[in-house]
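Here's the structure, in structure tokens; my notes come after.
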Amino acid sequence: MAKEKFERSKPHVNIGTIGHVDHGKTTLTAAITKQFGDFKAYDEIDGAPEEKARGITISTAHVEYETDARHYAHVDCPGHADYVKNMITGAAQMDGAILVVNAADGPMPQTREHILLGRQVGIPYMVVFMNKVDQVDDEELLELVEMEIRELLSSYEYPGDDIPIIAGSALAALEGRDPEIGEQKIAELMKAVDDYIPTPARAVDQPFLMPIEDVFSISGRGTVVTGRVERGVINVGDEIEIVGIRDTKKTTCTGVEMFRKLLDRGEAGDNIGALLRGVDREGVERGQVLCKPGSVTPHTKFEAEAYILTKEEGGRHTPFFANYRPQFYFRTTDVTGTVTLPEGTEMVMPGDNLKFGVELIAPIAMEDGLRFAIREGGRTVGAGVVSKIIE
């Protein structure tokens, strides 16, 4: 059977369901696919296969569907730990999320934790589905729960007053009954997602950035750096900066080649070699990035949200304490750094997720939301994301 051609006509957006255990995330996911995609039964989604991202095992279900306006890729995780790992490793990048809250319970501990994580790892937009409304008889109670959700979102710097909240029953939609709280509400939810969660800028439209993987010297031509263009476009003749590890340097790209052919440009997703003017072989190294001047700056101090692997995942067998000094693997290279634990935390156990401070011994081209691995002698022991740059 030939693979169906992927229709590129509609804008593509990545979203996911988040929220407390048993509030109905997977039921909602199934209900959406029933109305807008190839129907996936609850069990198909819930029995998500395990996959490895940065050496960490995560169970994630991927479904896709489309509205009139857009094509969506949607992730749903069976367990709370899977969400934490997913959000921190960025295994499934989300442009926005549907926060599912049981109307009868209101916000619960994991509701709060997922909102906080969303804020820390840079999920820019959320839409709320208040589920299981058929279990609440009292209209006033629904209003109270809605108020509580809005306040909670605002306390984590989401615009709680503006976020669309749709109240309905995912199960009713899935079972095809009570359309006024079922099907109609799923349609209303997807309309809100269409309207409220903006289409992200495509990678080629963002400022140019390429992590340097290798450096070669070509006699008579100069220095070539190779890597995969992460975003943006580079044209021959563009002025660019080399950022990270050493002082930032300006240079000009005098050539772009791919598969040994000369091109006039390279764009997001391309593996290229870029010829740099006036830079010698010793003047540039793996771990630095090429970027549009002024778009990214080098930093050594930041706050991070991290997940520490369990022994079973191949991580540490013992806890670590203040002043722990592992390597932080950013893009293509390891840099040693010192960890500062938050007030009141004495030690960190394998399997924990937490926020901590890091100071690197050399600067790295860094932005909020940049992912990294925590390593000890080449072995991955954790994963993290830069939540706030300090200096």
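Cβ from N, Cα, C; glycine included.
Per Swiss-Prot, the stretch carrying the note region 'G4' among 131-134, 227-230, 263-266, 267-270 is 131-134.
Using a 10 Å radius centred on the Cβ of G19 (GTP binding site) and all shown protein chains, the other Cβ atoms total 26. Taking Cβ pairs closer than 8 Å, the region 'G1' (19-26) reaches residues 42, 45-46, 61, 76, 78-80, 99-102, 105, 107-111, 114, 129, 131-132, 170-171 in its own chain, all 6 or more past its ends.
Non-local neighbours of the region 'G3' (76-79) in the same chain are 16-17, 21, 25-26, 29, 45-48, 58-61, 63, 86; each lies 6+ residues outside the stretch with a CB under 8 Å from one of its CB atoms.
Long-range neighbours of the region 'G2' (55-59) within the same chain, counting only residues 6 or more positions beyond its ends whose Cβ lies under 8 Å from a Cβ of the stretch, are 48-49, 77-79, 82, 85-86, 89, 91, 307, 309, 313-314, 373, 380, 383.
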